[in-house]
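Q: Heads up, here are the entries from TrEMBL:
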DOMAIN    7-132  domain 'Ig-like'
REGION    145-182  region 'Disordered'
COMPBIAS  151-162  compositional bias 'Basic and acidic residues'
Amino acid sequence: MDAVDVPRILLFLLVLNIKNDVIVGLHITKVRVPTPLAVGEGGWLECEFVDEGESIYALKWYLGLDEFYRWTPAENPPVKTFPVKGDPLTVDIAASNRGKVKIHDVTLGASGVFRCEVSAEAPDFHTESDVATMTVVGRPELVDYLPAPGRPRDRSGDRDTRSALSSTAKTAAPRQHLHQVHSIHLQPLL
């Protein structure tokens, strides 16, 4: 072996080692949360991972810093849930498994960063995590029957409604622009 081959061999071994560190072993391929959701709705949290032959010790879901779901395949039962302050969501334990978690009855408190964390078994307990952000918005509530802006108040047969918003709701439009129209009367052009 001459002196020119040594750097090439070392470079080859270095690239092979880096490639093995990146590709082999546990890694998360996708984290997905439903967004936006309205208060009271639900959906699926999805955490896809490749274990590359490593046994999985646990998969956990967090909302902020609070763990609310854990899947430990070696335990019975394998799925456990934990309360989160304010009860921002409900987990459907029967429908959930591995990294796919069914949630429903979300509140505004469910808005935020969701983190999926997957850990391999002993001896190294290699752990990977990734995040996704969910937005929950409030639903307008029907308060009373009022005419739309610019329309007289006492027109027989008209039932226009105006929506008001909860003071804690996050919405995309200002209050004055939220109107529901029940009927539109068009005049033919002559």
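Using the three backbone atoms N, Cα and C, a Cβ is placed for every residue, glycine included.
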Q: By DSSP, what is the split of the domain 'Ig-like' (7-132) into helix, strand and coil residues?
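A: Helix, strand and coil residues of the domain 'Ig-like' (7-132) number 20 helix, 61 strand, 45 coil.
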Q: Could you pull the average pLDDT for the domain 'Ig-like' (7-132)?
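A: Mean model confidence (pLDDT) across the domain 'Ig-like' (7-132) is 89.
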